[in-house]
Amino acid sequence: MSSIDPRTVPLDPTSRERLAATGLDYRTVDHDDRTAFSRMIQAVSRGFLGPEVDDAYIDEQKQLVSTSNRYVAVFDEGVAQEGVPVATVHSWVTELTVPGGELDMWAVSGVTVSPTHRRRGVARAMLEGELRAAADAGLAIAGLTATEATIYGRYGFGAAVPMSRWTIDTRRAGWAGYEPDGRVEFVSREQLADDLSDVYERGRTARPGEVEGWPRRWRQHAGLDASTKNGETVRGVRYRDAAGDVRGAMAYRIEEGEGDFRPSQLQIRHLTAETPEAAAALWRFALQHDLVGEVTAKLRPVDDPVRWLVQDERGATQVVHDHGWLRILDLPRAIAARTYSAAATAILEVSDPLGLVAGTWRIEIDADGRGRAESAPGATPDLRLGVAELSAAYLGGVPLTGLRAAGRVQGDAQAAAALTAALRPVEAPALTIWY
Ligand SMILES: CC(=O)SCCNC(=O)CCNC(=O)[C@H](O)C(C)(C)COP(=O)(O)OP(=O)(O)OC[C@H]1O[C@@H](n2cnc3c(N)ncnc32)[C@H](O)[C@@H]1OP(=O)(O)O
C-alpha cells in the first residue's frame, strides 16, 4: 500500500493555465459530492460511447470504486449542460509488480474528451498535467490501459506488457495435458467475484506487469454489476487443489450454436490461477466441455501454457497485442526498484517530451541482479532512445534488440543485446485486467 494519497496531489498549474487560456476550467471533483460525482460519471460513460447511466449505477460506482481515486475534470461554463464536464481523467496509486518486488505506480484511467471539444489540446493538457503531478508527488512510474494504441506514445508511454487472445477449435486442438488431482466445482456469481479477487490478489505479485485489483472489477467479471449486459449468463467455476485450497477461478459465458448445439462457443471472461495445476484444470474444463466447438479467451499472458496443453497447436490461434502501457517518471528509482537476470552496463541518451527523464544516464546492473542509474552528462552514449521505448522495455516484455531492429532505438547492437538479457524476466510480464 502506498503512502501517497492521490487526492492530496495538487493539480498541475501549467495545465490549469493552458486550459484557462481557452476558457476552460480544470479542477478536481469531490467523490463525496454526489451531484458532482454523478455528472463526472455521466461524462465518462458518454465519452466511452456508453448510455446515460442511472442512480443504481452511480451508487455502485461510488461504493465499489476506490474512494482514494483522484477525479479531475474540465468544465466549459458556456455549455447547455453546465456542471457536466467536457473532459475527464482519474488516477490512483497502485502497486505494479516488477521483477523481484513492487513499485508504486500512478494509474491513469477514464480519459475522455467530449466530441464537442475534441482536437483542441484538452487531452494533452490533462495527460501532461497527470504526469507532472505524479512526478512532483514522487512517483517513479505511471501506467494505463488504452482504447487505442496510437494515443499515448506522444506523452512518453510505451506498450510494455503485450498480452494475447486465443481462439481455440476444441475438436482440432484436443487435449494433451494432464488431469490435476484437485477438483473443479461450480460456484455462485457472488462467490465467483470473491474467488477471482482472492486468487488474483495472491498471484499478482508473481508476474511483473500486474496491478492491484478492486471490487468492481471482479463484480463485472462475475456479471454482477449494473454495467454488464446479461450478467445472469455468466457462470463461474473454481479449482481446489488436493488439500482443498482454492487455487484458481474462471468466469465464462456460453453462446449457443444456432440450430446445432455442438458448435457452441465458450467465452472465458477471466481465468486466474496461482498454480500451473489450477490453470491446466480450468483450461481442461473449458476445452473439454460438451457441446463447445470453440473457446475464446482474452488478456492471457503471451507464454500461456495452453499452447502445450493441446494436442494440435494449430487448432489454437494466438493473437498478440499491446495492453499494459508504462511511462517512467524517475529513472534512478525505476531502475533500482526491480531485479535483473544478467549483468550489464550501458550509457543511455534518453529523450523525453516532458523533460522528466531526459539526459544521459549510466545504467549498471551487477552480477547479483541489482541495478542503478546515474546521471552521466557528457558521456558517450551506447544507445539513444526515447522515454517511450525505455518504458516499453522496462519490464523485459519488449526487447531493446527488437526496438533497435525497428529503428526505434539507435546505437550499439551489443549494448542493446546485453541490456535486453538483463531486463528479461523468467516469465513474460502480464496484465490480466483492464484498468
Ligand atoms: C487511459 C484511458 O482512459 S484510454 C481512453 C481514451 N479515451 C477514449 O478513447 C474515449 C474517446 N476519445 C476521446 O475522448 C478523445 O478523442 C481523446 C481523449 C482520445 C483525445 O482527446 P482530444 O482532446 O481530442 O486530444 P488532443 O486534442 O489533446 O490531442 C492531443 C494529440 O493526440 C492526438 N490524438 C487525439 N486523439 C487521438 C486518437 N484517437 N488517436 C490518435 N491520436 C490522437 C492529436 O492528434 C494530438 O496530436 P499532437 O498534439 O501530437 O499533434
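Cβ atoms here come from the backbone N, Cα and C positions, even for glycine.
Heads up, TrEMBL stuff is auto-annotated, nobody curated it.
The annotation domain 'N-acetyltransferase' is assigned in TrEMBL to 24-181. Feature annotation from TrEMBL assigns acetyl-CoA binding site to VAL111, THR112, VAL113, ARG119, ARG120, GLY121, VAL122, ALA123, ARG124, THR147, GLU148. Summarising the annotation, TrEMBL assigns active site, proton donor to TYR152. According to TrEMBL, the active site, proton acceptor annotation covers TYR435.
Just so you know, the Cβ of VAL122 (acetyl-CoA binding site) picks up 23 other Cβ atoms within 10 Å once every protein chain is counted. Counting every protein chain shown, the number of other Cβ atoms lying within 10 Å of the Cβ of GLU148 (acetyl-CoA binding site) is 7. Under 8 Å, Cβ to Cβ, and six or more positions away along its own chain, TYR152 (active site, proton donor) finds LEU127, LEU144, ALA146, TRP325, ARG327. When the binding-site residues VAL111, VAL113, ARG120, VAL122, ARG124 are ranked by how far their Cα is from the Cα of the residue listed as 'active site, proton acceptor', VAL111 comes first. Around the Cβ of VAL113 (acetyl-CoA binding site), 23 further Cβ atoms fall within 10 Å across all displayed protein chains. Around the Cβ of VAL111 (acetyl-CoA binding site), a 10 Å sphere holds 22 further Cβ atoms from the protein chains shown. Among the recorded positions listed (VAL113, ARG124, TYR152, TYR435), VAL113, ARG124 have a CB atom closer than 6 Å to some atom of ligand 1, in sequence order.
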